[in-house]
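The active site, proton donor annotation in Swiss-Prot covers Glu373. Here Swiss-Prot flags His404, Lys530 as active site.
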Amino acid sequence: MPQQRETAHKTREWKKLTEYADATRGTQLRELFTEQPGRSSDMTYNVGPLHVDLSKNLIDERGLRLLLDLARARGLEDYRSAMFDGEHINTTEDRAVLHTALRIPVDREFSIPVGADETQDVAADVHAVLGRMRDFAKALRSGSWQGVTGHTIKHVVNIGIGGSDLGPAMAAQALRPYMTAGITPHFISNIDPADVAGTLDGLDAESTLFVIASKTFTTSETLANAHAARRWLLRNLADAGVDVEGDDAIRDITAKHFVAVSTAAEKVQEFGIDTKNMFEFWDWVGGRYSVDSAIGLSLMAAIGPQDFMRFLEGFHEVDDHFRTEPLEMNIPVLMGMLGVWYTDFLGAQSHAVLPYSEDMARFPAYLQQLTMESNGKSVQLDGTPVEVPSGEIYWGEPGTNGQHAFFQLLHQGTHLVPADFIGFVNPHDDAVAADGTTSMHDMLMSNFFAQTRVLAFGKNAEELKEEGVAPELIPHKVMPGNRPTTTILANKLTPKTLGALIALYEHIVFVQGVIWGINSFDQWGVELGKKQANALLPAVTGAERSDAGDSSTDDLIAYYRQHRD
């Protein structure tokens, strides 16, 4: 396991970057493009299906060299090797971090030690589960798996939360055009009963199957929703004339309409799901890194095993790039270090992700969990405080909707917000605009290109004056530019492209975690809130008097109880 001898901001490389930032603070992107005629080609890279242009970022060649010097000083290459080799880099939970193993090709071998004289054949285990997932998906899609009344399954409802929901829900929406077998995925996550009610409203119980996704099968929100779903199923099947009385009837119904994604076989059985219908994953896979594991079962059912394997191919291409490319040509490294540059040296407080694709609408929310749950830490690996800003705050909406909502702040606000623009050359859906000839996708992409140009280069007072703008309006219409963006283009939004995009950001998160000296693979901040909620539940239900330990919480619960119907 690599060791970091000092905190990041005390290194010589950090100090050099601070000096560089001070010396170049007034540099304009206009100047950089003028001084470096080949800047665009010099700073554009390709990995798998992704074409990545970094040229509109606020940095020059020297700055990039200094950032990579910092990466080396922090041991990034050693940490990268440790992760891929299966070392326990998740030190607070003493676990390996092997989400990259989930997409190992079938012809690759990979094992890790699990004891003094034992090894686990990780590659074989992964492909065994993928094989079972493939068989299950084929059974659903062919109609050989049927509900208790003999109806084929048309609706697959994933019940999970966090990483057991955000990943497959995002991917299912993004890969909508690949759902050709008549199976529609749905997703329930929130403990708010409106979620389960709204999702199940209008579904045919006889053709609905539920996937209960919980590693431990103890997640309170997921189990509450699973029981609510079974009550809905039994009620609707009873209305259809099905016998739902007695343990045997309920067991038969559950066997036909419920499967589990979990590691807790005993608890899965207690719920009534046969363990032969349980799809496992491992403690070396964190929830937010698990969409390509059995957590993606509902996705595989919807898009089919072949396209799911293409999804994994996209991940693996970026994994290989990240693992083998030198830092100077390594896209996740460069993008991760640019995030550190903006956060720690230029004072950026958030990072926008702007996919110009309605199908990618949930991608920013997915990245919020990936980045903020991973790097939202204030303690280093050795238990000492992080003394510099850490953890990028990700947010965003699809274009062009965002242009009419928050782009005003990006263009003329006082906050520096680096932004990633994600676009696709060829659409799955296109239509003709109002003029009867122009492609609507071409209109979308003209906005895509225009926004990155205006953010970078703006429009100054002299240019406005030449256009005849009234003097009193010129200050209001000046677009300062110098807003940094990264542009990611792909030929089409395919399963492989989506897998590559997800892996790109996974490795960006890893890079930044190494620089800040934090564990990107635990989430203790989530755990305390769960415990507090369980402790307060008796007071919220009225079974006990509230004694939370602070007057605000006690008074709020009292108000809630007073007005609860």
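Every residue number used here counts from 1 along the chain in the order it is shown.
Using the three backbone atoms N, Cα and C, a Cβ is placed for every residue, glycine included.
Fair warning: this is a prediction, and the values are worked out from it, not measured in the lab.
Separation of the C-alpha atoms of His404 (active site) and the residue listed as 'active site, proton donor': 29 Å, rounded to the nearest whole number.
Rounded to a whole number, the distance between the Cα atoms of Glu373 (active site, proton donor) and Lys530 (active site) is 15 Å. Mapped onto three states, the DSSP output places His404 (active site) in helix. In sequence order, Gly162, Arg288, Gln523, Val526 are the residues of the chain that are 6 or more apart from Glu373 (active site, proton donor) and have a CB within less than 8 Å of its CB. Using a 10 Å radius centred on the Cβ of His404 (active site) and all shown protein chains, the other Cβ atoms total 10.
When other Cβ atoms within 10 Å of the Cβ of Lys530 (active site) are tallied across all protein chains shown, the result is 12.
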